[in-house]
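Everything below concerns the one structure shown next.
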Amino acid sequence: MLDAYVTALGMVLDPYVLFVITASAIYGLVVGCIPGLSATMATALLVPLTFFMPPVPAIAAIVTTSTMAIFSGDIPGCLLRIPGTPASAAYVDDSYQMTLKGRPELALGIGLWFSVLGGLFGTAVMMVASPAIADFALGFGSVEFFWIVMLGLGGAVFIGSSTPLKACISLLIGLLIAMVGMNNPAGQPRFTFESTEMLGGVSLIPMMVGMFACSEVMRHMVSDGSAPHAVVQKIGPIFANMWRLTKQYPWQLIRGSALGTIIGIQPGSGADMAAWMSYAMSKRFSKEPEKFGTGHPEGLIEAGASNNSSLAGAWIPALVFGIPGDSITAIAIGVLMMKNMAPGPTIFVNNPENVYALFLVFVIANLLMLPLGWAIIKIATRVLSVPRRVLMPIILLFAIVGSYAINNSLFDVGVMLAFGVLAFVLEENDFPVAPVILGVVLGPLLEEYFINSMIKSDGRLIGLVDRPIAAVLAAITIGIIGWTIIASIRASSRTEKLAGE
Amino acid sequence: MKFNDLFGGFAFLALAGLVAFASWNLPNPSQQPLGPSAFPLILSGLLALCAALLAISGARATQAGPLIGLSDWARSGGALLRLLLVPAAVIFYMLFAETLGFLICATAILVVLFLAGHTKPLHAVGLSLAAALVIHSIFYLALGVQLPWGPLEPLRW
């Protein structure tokens with residue numbers, strides 16, 4: 001293992017990789033800082049560029065960009081009360097109140113310092129846990145993997161979704177999109193409409209760019225899009241009180257990081273849910289809960305550490321089982337597959353140095369966040385004043401060229417547009433978009449595991465549950481789904497009763 | 001534009017039906033117990049179930065709200081026009097990229113979109129040229145993507 005780490009270190013310290021890491025760090029920080037541009041969009045726009053890179057820098061670009069963007073989403077939340085990414089929404093009141101009290105540097109410092117600590121905590125857990133889990137999972141067959149994918153998809157749709165039915169439909173649309181083409185166990189062309197372009201299936205990159213960037217541009221077009229104005233111009237020394245706060249709230253830091261990592265591991269819930277739950281937890285156990293929401297550091301520390309640690313946590317099921325924890329890791333898995341590094345337990349046997357390189361990139365990205373984060377905070381008031389009406393058309397052009405570049409194909413540009421419109425219409429009608437991506441990424445795997453399991457058992461359904469681990473996974477999955485259905489039926493009958501009265 | 005879930009339910013029900021119809025007779029060359037049509041059929045069944053539930057919940061809500069609710073933006077013609085500019089720009093690129101070349105197409109799209117966002121005309125032209133050149137350099141020079149040149153072919157660098 002040590003040998004592989006040494007090789008990995010050599011791969012990461014390559015000047016080209018370091019350049020990619022630094023450039024993506026700056027890019028992620030700037031995009032995350034601009035309200036309306038999410039971390040997911042930042043990552044999706046980057047994918048066409050990673051297409052032209054070797055595996056390690058490609059994955060380094062994705063990891064670094066998402067890490068930085070989640071932190072820098074705190075900046076507009078603090079200065080404008082507009083969270084830059086949904087992951088910062090939980091504690092935006094506290095940080096904005098600090099700004100109003102003339103102490104933006106305290107809120108931003110907490111965001112930066114505790115993001116780094118939380119991120120490093122999550123990375124450490126990932127480095128220890130994922131090889132161990134992968135080792136255990138080496139004995140899994142198609143039945144176990146079928147249930148793991150089902151568990152991942154079930155969790156994504158049924159946990160933490162405000163509209164489970166609509167999320168379920170989104171997921172099924174994604175799974176159906178994945179059926180297009182010849183990429184199925186029988187190798188038969190399906191739903192291709194006699195088009196040669198469709199034989200390979202719907203290309204993942206234009207689809208992701210369309211769903212996360214093109215739809216965002218469309219949403220901007222119907223909003224007013226003027227640049228909001230920051231109330232403060234001067235930001236004082238950022239790291240001044242951080243050591244004192246770390247000593248004052250060590251328990252909050254550990255609890256936030258741990259909960260964030262666990263929520264990240266749980267498929268389907270990402271950084272935003274980690275922040276909300278940690279903020280609530282912090283308030284629940286605080287000695288001074290009445291101070292929350294008025295510019296109190298405690299919740300900021302816990303939730304700020306939590307959302308960054310969840311990013312690393314989400315990579316554990318992504319790497320070990322190929323199950324994305326949120327839409328960013330779904331994009332990342334797409335990139336890994338594109339680079340012939342299909343995730344799964346065998347990746348730790350066949351490609352350990354690439355996986356360890358990914359771990360090291362996480363460490364470097366989190367350490368790099370200290371100086372670069374400091375710099376972006378210093379120029380934040382100027383970055384925030386860049387008008388979105390100038391950025392959005394450029395993003396659209398980038399989306400067009402990025403989709404075209406993969407295969408020099410205008411057909412892919414059309415795919416990008418189609419999925420942009422689809423995502424826009426879905427979101428306007430409260431259908432979540434993330435399950436579509438999960439469905440598309442996991443659809444071929446789910447079908448393969450299902451068909452292989454059924455063939456092994458001669459088409460008898462009992463074959464899906466007659467191995468102990470598979471039976472346990474099946475019970476958990478069915479439990480989650482059943483519990484959500486019962487809860488939603490109860491909730492709707494309660495509202496009907498209320499309406500009746 | 002917010003549709004009542006009744007519409008969504010029927011649309012997805014129709015989709016499920018189409019998928020089931022299209023996958024019913026897919027050939028199964030290796031004669032496996034479950035051929036290539038099995039999985040799409042299961043999915044379309046589940047989709048039909050969810051769509052029916054959605055339609056029922058939509059039908060219940062018809063008393064409460066309008067069938068098609070307009071979001072705030074859809075009431076203003078300007079916003080709707082700006083929204084349509086996005087697909088228009090992409091389709092324009094698909095139609096004319098080969099003949100006009102990347103630089104001309106990209107600049108034209110950006111100028112129109114900037115003007116729609118109330119950028120001053122002179123700024124819009126300058127910004128568009130600069131952005132088109134930068135993106136061109138990233139993809140053409142740094143990544144080696146063969147972007148079309150169109151009538152600017154003699155200027156190729």
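Even glycines carry a Cβ here, placed using N, Cα and C.
So that you can see what the record holds, here are the features copied from TrEMBL:
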type: TRANSMEM; residues: A:16-37; note: transmembrane segment
type: DOMAIN; residues: A:18-438; note: domain 'DUF112'
type: TRANSMEM; residues: A:49-71; note: transmembrane segment
type: TRANSMEM; residues: A:106-130; note: transmembrane segment
type: TRANSMEM; residues: A:136-160; note: transmembrane segment
type: TRANSMEM; residues: A:167-186; note: transmembrane segment
type: TRANSMEM; residues: A:198-218; note: transmembrane segment
type: TRANSMEM; residues: A:314-336; note: transmembrane segment
type: TRANSMEM; residues: A:356-377; note: transmembrane segment
type: TRANSMEM; residues: A:389-411; note: transmembrane segment
type: TRANSMEM; residues: A:431-450; note: transmembrane segment
type: TRANSMEM; residues: A:470-489; note: transmembrane segment
(Q) If we skip the immediate neighbours and take only residues 6+ beyond the ends of the transmembrane segment (A:136-160), which ones have a Cβ under 8 Å from one of its Cβ atoms? (A) 167-168, 170-171, 266-269, 273, 317, 320-321, 323-324, 345-346, 349, 434-435, 438-439, 442, 445-446, 448-450, 452-453, 456, 463-464, 467, 469-470, 473-474, 476-477, 480-481, 484
Q | Sequence-remote partners of the transmembrane segment (A:167-186) [C-beta within less than 8 Å, at least six residues beyond its ends] | A | 153, 156-158, 161, 192, 198-202, 207, 426, 431-444, 446-448, 451-452
Q) Between the stretches A:49-71, A:314-336, A:389-411, which one has more Cβ pairs under 8 Å with the transmembrane segment (A:356-377) than any other? A) A:49-71
Q: May I ask which of the stretches A:49-71, A:198-218, A:389-411, A:470-489 has the most CB pairs under 8 A with the transmembrane segment (A:431-450)?
A: A:198-218
(Q) Mean pLDDT for the domain 'DUF112' (A:18-438), rounded to an integer? (A) 87
